[in-house]
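Enquirer: Supplied in structure tokens, the structure appears directly below.
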Amino acid sequence: MEAEGSYVQDDPHVKLMMAGSTLRKVKSRSWKKQRHFRLLEDGLTIWYKSRWAGKGHSTFSVMDVEAVREGHQSEVMLSIAEEFPAELCFTLVFHGRQGNLDLVADSPEEAQAWIQGVRKLIHKAQTMDEQERQDQWVRDWFQKADKNKDGKMNFKEVKKLLKMMNVEMNEDNALHLFTMADKCESGSLEIEQFVHFYQMLTQRDEVWKVFQDYSGDGERLTLEELETFLRLEQGEGDQSSQHAQQLIQRYEPSESAVKESSMSLEGFQMYLCSQEGSIFNPALLELHQDMNQPLSHYFISSSHNTYLLEDQLRGLSSLEAYIQALKRGCRCVEVDCWDGSDGEPIVYHGHTLTSKILFRDIISTLKEYAFKVSDFPVIVSLENHCGVEQQTVMARHLRHILGEMLLTAPLDGQIPLMLPSPQELRGKILLKAKKLGGLETHLDETLTDEVSDEDEMANGDAESPSAEDLPAETTNKKSKLSRELSDLVVYCKSVHFHGFEHARSQAKCYEMSSFSESKAKKLAKDAGSEFVRCNARQLCRTYPSGLRTDSSNYNPQDMWNVGCQIVALNFQTAGLEMDLNDGRFRQNGCCGYVLKPDFMRDADSRFSPDRPEDRPGYKPARLSIQVISAQQLPKVNQKEGSIVDPLVRVEIYGVPQDQTREETSHINNNGFNPVWNETLNFVVHSPELALVRFVVEDHDKTSRNDFIGQFTLPFTCIQLGYRHIHLLSKDGTAIPPSSVFVNVSVSELT
């Protein structure tokens with residue numbers, strides 16, 4: 001581990017960061033304040049404070065930073081571009097929903113030192129292996145607790161630190177371990193000794209027991225013993241022998257064990273805590289699905305009111321909101337356009353106090369960020385409130401800014417009988433909006449350029465409540481459509497829904513309807529299997545009710561159950577619904593497209609979510625999850641001395657019969673290494689559609705339990721056997737080293 005320190009300290013950029021710099025922190029054109037920033041000795045924590053604030057300071061970890069942008073690369077930086085030249089400016093972008101940090105240095109050299117230095121540290125943090133990460137975590141705690149900075153900790157300080165780390169343990173036990181680690185009997189531990197103390201503290205009996213079950217001598221697993229474990233426990237059939245050899249090469253720290261092709265307890269625990277030992281099958285994290293089927297055969301990650309960072313009444317409209325959604329793999333964004341006062345269309349949540357952004361700036365942002373995390377097509381869902389002139393301005397911006405990226409004609413000049421595939425549309429941006437006539441008519445000039453708005457109203461499709469409240473005579477007017485804008489709509493023509501019968505006999509594959517959540521739920525309840533069949537051929541979009549002014553979300557699973565592809569959610573709002581969306585789209589390379597189960601891609605499908613047992617090939621499964629233990633859960637309540645009382649709940653989301661939850665009992669005062677050994681059993685009728693969500697909460701007798709962490713994944717991506725679940729925060733970001741250790745088995749229900 002020493003290499004970590006020396007690598008960092010020797011780099012000239014990092015040296016400058018450690019010495020510290022005064023940088024301007026910028027929040028807006030009028031808010032620009034000087035702050036002193038420096039990198040702490042651990043090479044991971046950045047500390048800053050204002051020069052006049054007495055003791056107050058802030059810190060963040062390099063682990064929280066996703067990227068560094070140079071120059072005027074954020075809205076805030078663009079607003080001060082005339083005041084500060086680009087070479088002094090940089091922006092730190094964080095994981096999850098945390099806002100950017102915009103900074104201005106005094107010289108280009110200083111800016112470069114911070115830009116390059118932070119990038120190197122991010123790279124270092126990303127390439128650490130499990131053991132280094134764990135050691136680093138322990139070192140960070142040591143630095144926090146070593147109040148007098150003498151690099152030593154006596155027993156009293158260690159006891160206090162254990163409390164901070166969420167560990168409640170009996171004093172004799174702690175003292176015994178302390179004495180064993182204090183090799184020089186000095187009554188205090190230096191950092192290396194503390195790391196050793198911590199390793200003894202975290203020796204996991206439950207992993208040791210599994211190891212003992214398969215190890216003949218109790219010291220090592222031979223290659224054959226490891227193979228047997230992989231075959232019998234981890235559900236690995238024929239490839240177990242080859243895999244056993246790879247695991248020893250990858251995770252065994254002892255060179256002599258590697259030479260003998262055997263694995264020690266340390267290596268075994270490293271494997272179980274690694275990505276390969278995780279509950280999510282790593283092969284399915286990669287792009288692995290067939291991407292050559294029609295668009296209507298995929299679930300598509302989709303955002304609602306993409307321009308908002310907060311709620312719908314007063315929130316900030318922001319280009320950053322588009323960048324964040326696209327970063328999360330979103331492939332359908334919404335743009336709500338209104339006439340601007342100077343001939344330039346603007347985007348905001350109409351008739352509310354949300355701030356406004358220029359349409360052309362959003363399109364420029366799309367051009368830059370659309371294909372950073374996925375090559376597959378992005379659909380721009382246009383809610384158009386503009387007059388003809390500004391619609392034409394929008395059409396020109398789309399053409400000029402996006403150029404070749406914008407799809408403006410059918411792929412092979414043919415009228416399609418089915419939609420093209422994500423593969424064929426790679427790197428393309430598609431416009432979803434109303435269109436004059438169809439692809440067939442090749443616009444005969446006599447066509448009127450009017451489209452009735454009442455259709456949309458009737459669909460429960462007016463997204464702002466204000467539009468629904470207008471008197472009938474104003475709603476029923478015809479709105480004119482710009483020919484230029486209409487011509488840019490190819491495979492996503494917005495139409496009014498005239499019922500499933502009409503859709504089956506009359507509708508074109510490139511026509512699509514949008515439904516509010518309540519309308520979609522009603523259709524799903526009244527005609528589930530017809531909805532499934534319709535969605536095999538045409539796209540459909542669902543969106544949250546206009547009454548959700550707090551930008552809350554509906555459960556997307558209800559919509560996926562009937563095959564709706566574009567289930568639009570408020571990406572800016574963390575919580576269960578976004579956990580499900582993240583869980584659904586974590587597979588297949590996070591590319592924003594997930595192939596629907598085969599029984600939802602068939603236009604003659606007999607599948608109905610209310611009666612899964614009626615479909616041919618119905619195969620229900622029995623899922624059994626033994627919740628063994630949890631490790632190093634974060635503290636929920638920062639009050640001195642408070643320690644969590646954790647419980648684990650497993651929730652299933654799927655067809656109505658599958659919606660269920662079971663939980664363990666809670667364990668008092670142990671967030672460090674609670675052990676449950678409780679088994680939760682489930683029957684899953686449509687495993688192909690189901691999501692499994694693991695939630696850890698802090699039990700509270702008197703009020704609602706506090707959320708500690710969660711992880712959601714598709715049933716089909718679960719690895720069997722002894723697995724770790726690496727927990728995520730409410731925001732969907734990793735919170736290492738917090739995990740839950742489980743043993744999973746799945747069998748056919750007979």
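We count from 1, first residue shown onward.
Backbone N, Cα and C define each Cβ position, glycine as well.
Note: TrEMBL annotation is automatic and uncurated.
Take a look at what TrEMBL says about it:
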type: DOMAIN; residues: 15-123; note: domain 'PH'
type: DOMAIN; residues: 133-168; note: domain 'EF-hand'
type: BINDING; residues: LYS432, LYS434, SER514, ARG541; note: substrate binding site
type: REGION; residues: 445-478; note: region 'Disordered'
type: DOMAIN; residues: 485-601; note: domain 'PI-PLC Y-box'
type: DOMAIN; residues: 601-729; note: domain 'C2'
type: BINDING; residues: ASP698, ASP700; note: Ca(2+) 5 binding site
Enquirer: Excluding the flanking five residues on each side, which residues at least 6 beyond the ends of the domain 'EF-hand' (133-168) place their CB within less than 8 Å of a CB in that stretch?
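Expert: Those are 1, 4, 40-42, 44-45, 61, 174-175, 178, 186-191, 194-195, 197-198, 201, 632-635, 640-641, 643-644, 669-673, 736-737, in sequence order.
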Enquirer: What are the DSSP helix/strand/coil residue counts across the domain 'EF-hand' (133-168)?
Expert: 23 helix, 3 strand, 10 coil
Enquirer: By the count of other Cβ atoms within 10 Å, pick out the sparsest of the binding-site residues ASP698, ASP700.
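Expert: Looking at the binding-site residues ASP698, ASP700, the Cβ with the fewest others within 10 Å is that of ASP700.
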Enquirer: If you measure ASP698 (Ca(2+) 5 binding site) to LYS432 (substrate binding site) at Cα, how many Å is it?
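Expert: Answer for this pair: 44 Å between alpha carbons.
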Enquirer: Just to be sure I understand, if DSSP states are collapsed into helix, strand and coil, how many residues of the domain 'PH' (15-123) fall in each?
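Expert: Secondary-structure breakdown of the domain 'PH' (15-123): 32 helix, 39 strand, 38 coil.
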Enquirer: List the helix, strand and coil residue totals of the domain 'PI-PLC Y-box' (485-601) as derived from DSSP.
Expert: 49 helix, 19 strand, 49 coil
Enquirer: Rank the binding-site residues LYS432, LYS434, ARG541 by the number of other Cβ atoms within 10 Å of each Cβ, and give the residue at the low end.
Expert: LYS434
Enquirer: Sorry to bug you, but what's the C-alpha spacing from ASP700 (Ca(2+) 5 binding site) to ARG541 (substrate binding site), rounded to the closest Å?
Expert: 40
Enquirer: Between SER514 (substrate binding site) and ASP700 (Ca(2+) 5 binding site), what is the CA-CA distance rounded to a whole number of Å?
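Expert: About 42 Å separate the Cα atoms of these two residues.
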Enquirer: Quick one: give me the count of other CB atoms within 10 A of the CB of SER514 (substrate binding site).
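Expert: 25, counting other Cβ atoms within 10 Å of SER514 (substrate binding site).
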Enquirer: Given the substrate binding site residues LYS432, LYS434, SER514, ARG541 in the record, what is the largest Cα to Cα distance, rounded to whole Å?
Expert: 14
Enquirer: Could you state the whole-number distance in Å separating the C-alpha atoms of ASP700 (Ca(2+) 5 binding site) and LYS434 (substrate binding site)?
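Expert: Cα to Cα, ASP700 (Ca(2+) 5 binding site) and LYS434 (substrate binding site) are separated by 52 Å.
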